[in-house]
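Accompanying notes for the structure given below.
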Amino acid sequence: MQTQTRWNMALSRGLRCCQRVFSWIPVLIITAVVLWSYYAYVFELCHLTVFLLAVAYLFVFHVCFVMFSWTYWKSIFTPPASPCKKFQLSYSDKQRYEMEERPDAQKQILVEIAKKLPIFTRAQSGAIRFCDRCQVLKPDRCHHCSVCETCVLKMDHHCPWVNNCVGFSNYKFFLLFLSYSMLYCVFIAATVFQYFLKFWVGVLPNGSAKFHVLFLMFVALMFFVSLMFLFGYHCWLVAKNRSTLEAFSAPVFVSGPDRNGFNVGMRRNLQQVFGEDRRLWFIPVFTSQGNGHYFPLKDRSSESHNPLLSNEDMWEESDDGSEEGSLGEFSSVCSLQTLVLATLMLLTVFYIK
């Protein structure tokens, strides 16, 4: 019996390890495509261009490339923020909660604890949202990610293309990554287009540059179309102050579900994500307002019921610290993008042959 248990534990650890390794495959695919685009543009395309124009192209290209790489790096390696220790059960509360067998009594214990915290959202059943795996009371807009195996503050979705949860700590970086990705694709497509036509009609001779130029054009346009829809969707979410999860399922308050519960106006919605200093809006440094544990409500009169909210500074995090994240993975968009990319690759190779 013990041998079987050890075997199951070893198998489980092995599967988790494989999952972590394979989760980096989408990131490696994007990295490979971007590195190839750098080689194709700098070492293949610019050789076809007159010197002064090539210098101008290379300058703008490298600005776009640096900003794209910077935002992509920040989106990948910024760890998702988790609830601080104030939202964890104390030892005595945890003992009392675990020893209580009646579900109604357990809910009442959570209600008593939540009165000391800035929590206004509820589960669909009306109960206090509590994560059994992380053993924390979930702050507003916080959800448990089954991939990262942790609760994430203001979770938007788990994105396989950055192998990370997009949430409070990196949502600005993710939006900038989308915008600079679009700019990168638009610039490549705009500058490659004339050479694409010349190769297409046979004005330029066949050579190694032909494949790179044709493929650059296809890939840039394909990624731009995919990113345009995704970026437009997230701009709409920011304007409404919603996350992807909240767009699928409206947050529940004491008064009931309300998709616009956190919508405090266009300007304030933007400031919550990008901060008040507009000079830093387009730079991938953290400027989002708050600490991810509390968000202003559309109707602020409800906050008066909790006297602890009279001083928001007390909730500055001083410690390091079924709503699953898989709902927002945009799997259909990613799968479509991969399918289109593979199709265009085949068409390009067929045309060259």
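Note that Cβ sites are derived from N, Cα and C of the backbone, with glycine treated the same way.
Look at TrEMBL and you will find 21-42 (among others) tagged as transmembrane segment.
The transmembrane segment feature in TrEMBL is assigned to 48-73 (among others).
Sequence annotations record features per position, and here TrEMBL assigns domain 'Palmitoyltransferase DHHC' to 128-248.
If you look at the transmembrane segment (173-197), the same-chain residues 6 or more away from its ends with a CB under 8 A from one of its CBs are 37, 41, 45, 48, 57, 60-61, 64-65, 67-68, 71-72, 74-75, 78, 156, 159, 162, 166, 203-204, 213-214, 216-217, 220-221, 223-224, 227-228, 230-231, 234, 238, 273, 282, 284. Feature annotation from TrEMBL assigns transmembrane segment to 173-197 (among others).
According to TrEMBL, the feature transmembrane segment maps to 209-233 (among others).
For 333-352 (among others), the entry in TrEMBL reads transmembrane segment.
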Same-chain residues at least 6 beyond the ends of the transmembrane segment (21-42) whose Cβ lies under 8 Å from its Cβ atoms: 58, 61, 65, 68-69, 72, 76, 147, 160-163, 188, 192, 212-213, 215-216, 219-220, 334
